[in-house]
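Here is what TrEMBL records for this protein:
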{"type": "DOMAIN", "residues": "14-487", "note": "domain 'Major facilitator superfamily (MFS) profile'"}
{"type": "TRANSMEM", "residues": "16-39", "note": "transmembrane segment"}
{"type": "TRANSMEM", "residues": "51-71", "note": "transmembrane segment"}
{"type": "TRANSMEM", "residues": "83-100", "note": "transmembrane segment"}
{"type": "TRANSMEM", "residues": "112-132", "note": "transmembrane segment"}
{"type": "TRANSMEM", "residues": "153-170", "note": "transmembrane segment"}
{"type": "TRANSMEM", "residues": "190-208", "note": "transmembrane segment"}
{"type": "TRANSMEM", "residues": "244-263", "note": "transmembrane segment"}
{"type": "TRANSMEM", "residues": "283-304", "note": "transmembrane segment"}
{"type": "TRANSMEM", "residues": "316-335", "note": "transmembrane segment"}
{"type": "TRANSMEM", "residues": "399-421", "note": "transmembrane segment"}
{"type": "TRANSMEM", "residues": "433-457", "note": "transmembrane segment"}
{"type": "TRANSMEM", "residues": "463-483", "note": "transmembrane segment"}
Amino acid sequence: VVETEEHYKSRWRSIWVMYLTMFLSSVGFSIVIMSVWPYLQKIDPTADASFLGWIIASYSIGQMVASPLFGLWSNYRPRREPLVISTAVSVAANCLYAYVHVPHSHNKYYMLIARALVGFGAGNVAVVRSYIAGATSLSERTSAMANTSACQAVGFILGPVFQTCFTLIGEEGITWKLVDLQLNMYTAPVLFGALLGIINIILIFVIFREHRVDDMGRQCKSINFEGEESGVLDQDVEGNVDHVAVVAINFLFFVILFVFAVFETIATPLTMDMYSWTRKEAVFYNGIILSVVGIESVIVFLVVKTLSKKTGDRAILHGGLLIVLVGFFILLPWGKKLPNIQWQEINNNSIPRTASTEMLMPFWSLQAMQLPANHTEPVGCPITQSWCLNTPVIYLAQYITSDVLIGLGYPVCNVMSYTLYSKILGPKPQGVYMGWLTASGSGARILGPVFVSQIYTHLGPRWAFSLICGVVVVSLLLLEIVYKRLIAFSVRYGRMQE
C-alpha cells in the first residue's frame, strides 16, 4: 500500500515525539550524575563510595526490570499506555529525590529508592526503540536510530549543563518551609526534570499516533493499532530471527554500556582523588568536560549516518570498539608522580579520624585537626585507599584525551548496535526483543558502577582500567566470529540486497 503524504507526516511527527521521550529519559539519568556523590555525603554522612555505586546502579536496576515489561506491553496494547505510565513514574520519582533530605535517618536508602524508580520509568526506552524500528523502512532505519541516539546524547549533554547552571544556586539555596522543600543545586535539577516529564506526557496525548511500515517502506497494520487506518494490509512475515546474532549484539551492547558506565561513575571520585578537587569543583569541571564530550557525540551521530552508507554498519561498530579500547589504555597510570594524600595536609583538616590514626598520632596533631567548621573540606587521595601511596597520578592531559576518545567511540558503538539489532529482527514485533537489549544495557549499568566502585576503591585505577581493556578485547574477538551473521532480516532471506 502506497503511503500517503498525510500518513508520512503523521508517522514522522510521532517519531519526533519518541526522540523527545528518549532525550528526557537520558536527562533523567545525567542531570544528577555529577552531584549524587556530594549530595549523598551531605544528607547522610554514613554513606561511603561503595554505596555510591549502588545508588548509581539502582537507576539501571529499575530500568532492567521495567524494559521487558514495557516492551511486552507495547507488543499487544497501544504504546501510548506504557509511555504515559512510565513517564509519570519518573516524574513522581524525581519529586521524591527532592525530598530525600527530610527524614531524620536512613536518607541514603530513600535516595536509592528514588533513583530506582526514575530508572523504572526509563524502561520506556524499549518502547521508543521498538516503535521507531517498526515505523521506519530499512533505508530510513540507520538515520532514525542515529537521530534517536543523538537525542539521547543531547540529553547527556544538557543534563550536566543543567546541573552546572544550578550550581549557581549553591548548596544551601532557598527553603520553602510551607512544603518543606529545599531548592538548591542538588534538588533544582530533578524538579526541572519532573517539569519536562509533564510536558512529555502532554505531547504523547496530543501528537503521538501508532504507525508501522515494512522493510521496504510499505504501510502495514500494527498489532497495537488504534483504528484510524483500517483497510491497511497486514503482511505475513516468514522466516526466523537469527538468535545467534541477537545474543551476540546483546553481549556487545552490554560491554559498550558497561565501559561507559564505568567512565561516567569514575569521573567525580577519580578527579577528586587525582587533582585534589573539592566536591563543587568536581561537579562543575566534570559537568563541563562531559558536556563537551556530549557535543562531540552528537557530531559523531551526524557523521555516522553518512559514513554507514559507504562502509556499512558492521565496519563502523568494529572501529568504534577499537577507539574505546585506545581510550581506556591511555587512561592507565604511566608516570612517576604520586597524587596528593589527604593525611599529608594537616592544616587542611585532611586526616581521617580512625582508631588506628589516633593511636599513632601525637596529641598535638589531633588538636591541630580541630579546625573551625567553616574550614575548607579535605581534598586529595584518601589514605583509606591504600593504592594512593604507590599508584602514579593520572595526568589531566591523559584524562581529557581519554574523554575525547571514549566520547568518539561510544556513540558509534551505541547507534550501530541498535541499528544492526533492529535490522536483524526485521518486521517481527520488536517490543520484547528491544526490552531485552535495553535490559542488557541496564545490567551493564548495574555492574559497571558496582565493579568500578569496588575495584577502584580497593585496587586502584591501574587494575580497574586494565580489566576494562581486557573486556573490550574479548568483545572485539566476538565481533570477528559473528561478523558475517550481522545482516538485515530481509537480506538474510533474499528479499532485499545489502
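Easy rule for this one: first residue shown is 1, then count along the chain.
Using the three backbone atoms N, Cα and C, a Cβ is placed for every residue, glycine included.
TrEMBL: automatically predicted annotations, no manual curation.
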Selection from 16-39, 83-100, 112-132, 153-170, 190-208, the stretch that has most Cβ pairs under 8 A to the transmembrane segment (51-71): 112-132
Paired segments the transmembrane segment (244-263) and the transmembrane segment (316-335) in contact, 3+ CB pairs under 8 A: yes
Predicted model, mean pLDDT over the domain 'Major facilitator superfamily (MFS) profile' (14-487): 79
Winner by Cβ pairs under 8 Å against the transmembrane segment (83-100), considering only 16-39, 153-170, 190-208, 316-335, 399-421: 190-208
Paired segments the transmembrane segment (399-421) and the transmembrane segment (16-39) in contact, 3+ CB pairs under 8 A: no
Close approaches to the transmembrane segment (433-457) from elsewhere in its chain (Cβ under 8 angstroms; 6 or more beyond its ends): 49-50, 52-54, 56-57, 59-61, 63-64, 67-72, 119, 123, 125-127, 129-130, 133, 241, 246, 249-251, 253-262, 265-266, 269-270, 385, 417-418, 421-422, 425, 463-464, 467
Proximity verdict for the transmembrane segment (283-304) and the transmembrane segment (463-483), three or more C-beta pairs under 8 Å: no
Recorded stretch, among 16-39, 112-132, 190-208, 316-335, maximising Cβ pairs under 8 Å relative to the transmembrane segment (463-483): 316-335
Listed stretch, out of 16-39, 153-170, 316-335, that has the most CB pairs under 8 angstroms to the transmembrane segment (112-132): 16-39
